[in-house]
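Just below is one structure, and these are the notes that go with it.
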Amino acid sequence: MSLFARQLQSLTASGIRTQQVRLASTEVSFHTKPCKLHKLDNGPNTSVTLNREDALKYYRDMQVIRRMESAAGNLYKEKKIRGFCHLYSGQEACAVGMKAAMTEGDAVITAYRCHGWTWLLGATVTEVLAELTGRVAGNVHGKGGSMHMYTKNFYGGNGIVGAQQPLGAGVALAMKYREQKNVCVTLYGDGAANQGQLFEATNMAKLWDLPVLFVCENNGFGMGTTAERSSASTEYYTRGDYVPGIWVDGMDILAVREATKWAKEYCDSGKGPLMMEMATYRYHGHSMSDPGTSYRTREEIQEVRKTRDPITGFKDRIITSSLATEEELKAIDKEVRKEVDEALKIATSDGVLPPEALYADIYHNTPAQEIRGATIDETIVQPFKTSADVLKSIGRA
């Protein structure tokens, strides 16, 4: 027992009232659920450490994604976002945990739940929300919308189920060709795990030992179909056959971080691809047009929110371990709320690209050329090469 603790004990024994003192921790160890392994002799550590700085950052990052997605859901209901919109609420620990393990030069490619990843890899909250509403301030000036955002080393959302799987292998091939010590994190859902291109991509990746992590974010439902009804084998981490795999608790950010670190080291050592399955859950329907309650009950969703929510669980951990106080986390919540609210103002008021921008951003570094129009007889001369050129022409660089 420390001298400080003995003194407190002595004072209490003497009948003197003492006030509880909580000393802030700087680093704490936690235990995570063991990973399930496929064709591997060992896996990630179950004893992990977390320092105060990282704890506050991870909490803030997950809260930004949660609040940003909530804002997007409201914008869709107000018909300020049109078309498709798939939300990531409930799965925040997957993205933030993986990002925490990535290093400079690592790449990510995913499907249509891409808003959080776009922000994590460099876009601002304003750029994400403004892209969703089709505004100039958007990540790609409003041209991409919900499913087609990108930033440096983020190869986007992809609107076709499973289309990103072979593309991720291609990014990894480029990394190996350039002799980069990096990996491409290729994400897909349990619904896309049955797509033929995944098996083609894993075959080529293993054949050439490409540094690619094939990550299945198993949220239990492919649209409205349960994994058990769509897959003969629901152990997605084993589906690579000759590609080793690990199963991870995707609701635990620390388990995700440690597993991704381990997986990245595996790929960096030249052993080739690895499959990861993140067991997670989405709170909303498949998309905003799906209420998400025809194939599951509201009670099921509430039970997950109550017992497995990634943000609440992490919050409880860092408070009870004295890495942060409840007041500090409330201050972060307030700061995040303000950031998202400010972004919403721009996302709902900024202008849109003029019609001339429709034909920009088609070809890279080429002179103006004729582009086929809506009919075979219609041709249009490309007046601007990029949207930036269009904005410059109207005085908005």
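Including glycine, each Cβ sits where the backbone N, Cα and C put it.
Among the features that Swiss-Prot reports, pyruvate binding site is placed at His86, Tyr112, Arg113, Gly159, Val161, Asp190, Gly191, Ala192, Asn219. Secondary structure from DSSP puts Gly191 (pyruvate binding site) in coil. Cβ-based neighbour count (10 Å, all protein chains) for Gly191 (pyruvate binding site) stands at 22.
Annotation comment: Swiss-Prot describes Tyr112, Arg113, Gly159, Val161, Asp190, Gly191, Ala192, Asn219, His286 as thiamine diphosphate binding site. The DSSP secondary structure for Tyr112 (thiamine diphosphate binding site) is coil. Less than 8 angstroms from the CB of Tyr112 (thiamine diphosphate binding site) sit Phe84, His86, Ser146, Met147, Gly157, Asn158, Gly159, Ser287, each of them six or more residues away in the same chain.
Annotated Mg(2+) binding site per Swiss-Prot: Asp190, Asn219, in sequence order. All protein chains included, Asp190 (thiamine diphosphate binding site) registers 24 other Cβ atoms within 10 Å of its own Cβ.
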- prompt: Taking only the binding-site residues Asp190, Ala192, His286, which one has a CA atom nearest to the CA atom of Asn219 (pyruvate binding site)?
  reply: Asp190
Distance [Cα-Cα, Å, rounded] between Gly191 (pyruvate binding site) and His286 (thiamine diphosphate binding site): 11
Query: Can you name the residues of this chain that are 6 or more positions from Ala192 (thiamine diphosphate binding site) yet have a C-beta less than 8 Å from its C-beta?
result: Ala111, Val161, Gly162, Gln165, Leu198, Gly222
- request: Specify the count of other C-beta atoms within 10 Å of the C-beta of Asn219 (pyruvate binding site).
  value: 23
Field: Densest Cβ neighbourhood among His86, Arg113, Val161 (binding-site residues), 10 Å radius
entry: Arg113
